[in-house]
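Per TrEMBL, the features are:
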type: TRANSMEM; residues: 7-27; note: transmembrane segment
type: TRANSMEM; residues: 39-64; note: transmembrane segment
type: TRANSMEM; residues: 84-106; note: transmembrane segment
type: TRANSMEM; residues: 118-136; note: transmembrane segment
type: TRANSMEM; residues: 148-169; note: transmembrane segment
type: TRANSMEM; residues: 175-200; note: transmembrane segment
type: TRANSMEM; residues: 220-241; note: transmembrane segment
type: TRANSMEM; residues: 301-324; note: transmembrane segment
type: TRANSMEM; residues: 377-406; note: transmembrane segment
type: TRANSMEM; residues: 426-445; note: transmembrane segment
Amino acid sequence: MFRNISSNVFGTVLPSLAALVAVPLLIDKLGVAGFGTFSLQVAALFFFGLADLGIARAIVLLSFEPEFAKRGAWRRPYKVGVRYSAWIALGIALVGIPVAGVLAEWPPAAQASPADLAWSTLLVFFSAGLTLLMQAPRAVLESQERFLQVNVIRGPAAAAIFLGPLLALQVHNSLTAAAVSLLLTRAIALLLFLVMCGHFTDADLRAPMGREERARLGPLFVRTAGWIGATNLLSMLLAYLDRFVLGALGSATMVGQYAVAQEVVTKAWISAGAVISAATPRLASAAADAPETARRVVRQIAIWMLAGGVLPSLILIAFGEPLLRLWLRGSFDPAFVLPMQVMAVGLGVNTLSQVNFTLLQVSGGVREGAYLQAINLVTLSAGLLLAVPAFGTLGAAGVFSVRLLLDAAVVRWLLRRRLADRRQGIGVPAMLALAVASCLLLWAVRDMGLSS
């Protein structure tokens, strides 16, 4: 598992470095308001594409289910998953047409022309559809624990989300040019994933499933992917809802300020996601066959989360301002600092909570996860509507962290209800201690004048 996690972490380093390099240059090229609009489009790409509607995780989990594993293992959930993702990808692309039509008549960003905003948004929806199609072949590689091949493709593709638009803007300074680069890089990545998983060379993959078999296995896949997908979609909406509320109740400039702070914080989230992605196949197999092995895997994941999520969150709290000054240079704004530090408090606790959430999913709690995210969406919306008009970006950052702290406590409660061994996972006292320590560190940093 060490090799798999190391490979996944490597796959997140490249896009993180790309973002660190590209974001200040994108701000210089587009301005803070223009970057805010671009960040909303990238948020839509992540929401509809990288949330994956549960396809990748369902293929990995069902590869170990007896009903799927016999006579073909991953090939059978893959075939069902490809059909499932193709129809949804087509739907996403079609939804982009009326959305672009609305934006052509009513641009929400003052710095974007109606035509530029409409065409770029349409292309982003097409890119999201292609990104969704990547999930099934990527899941095949993950279920076989071929994480090196996954990250050879995923790392550059994720880096191109920032570097591609940056290069395109040198040719033509428009959101449409940036969106064209996103579409081209998504198409190349999809082709590479299909080649690597054997889609064009494996005779069993080309053989169609019988109607009866598809009718029997399709509902099982849709049920599993549906609950995981609902969880993922709600999670992505939770992650980006604050930007849209800031844009609606504030301004594109506020969105840009908040997006810069959130881009820094969520880089640690990406590392945590890389750990979870690499560990899920091993944890799913162990949870079904060997509880002792499952406990050992959980402990290993927790150690990686401490290094990949908790430690970076503490560093951001302690040294957030000098790091931002070094990164942004002339584009630095003191308004970026405190929201980033406040969000880092919730981030540290959430990285530990993800261990519990993954254990809940592999233990059959996919439905509980979806219900939880739906409740989170309601509470987050209410919190943002109250906090943003009064406190702006700082209010949104505070709601961000409070929501993650409450979510961690509820996930732990759900996990204890489901597992016979209630000691498995990360306990509430440990997460509460981390939250208190993070708040004290933030207070000390502000009190000593180490931040603006």
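Residue 1 is the first one shown; counting continues down the chain.
In case you wondered, yes, glycine gets a Cβ from its N, Cα and C as well.
TrEMBL: automatically predicted annotations, no manual curation.
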For the transmembrane segment (426-445), distant same-chain residues with Cβ under 8 A (at least six beyond the ends):
302, 310, 313-314, 317-318, 320, 341-342, 344-345, 348-349, 352-353, 355-356, 405, 408-409, 412, 451
Quick one: do the transmembrane segment (148-169) and the transmembrane segment (118-136) have at least 3 Cβ pairs under 8 Å, skipping pairs fewer than 6 apart in sequence?
no
Spatial neighbours of the transmembrane segment (118-136) far in sequence, C-beta under 8 Å, 6+ residues away:
41-42, 44-45, 47-50, 52-53, 55-56, 59, 78, 81-82, 85-86, 88-90, 92-93, 95-97, 99-101, 103-104, 112, 174-176, 178-180, 182-183, 186-187, 189-190, 193
Residue numbers, six or more beyond the limits of the transmembrane segment (175-200), whose CB comes under 8 Å of its CB atoms:
34, 37-38, 41, 45, 49, 78, 112, 116-117, 119-124, 126-127, 130-131, 133-134, 137-138, 140-141, 146, 149, 153-154, 156-157, 160-161, 164-165, 167-169
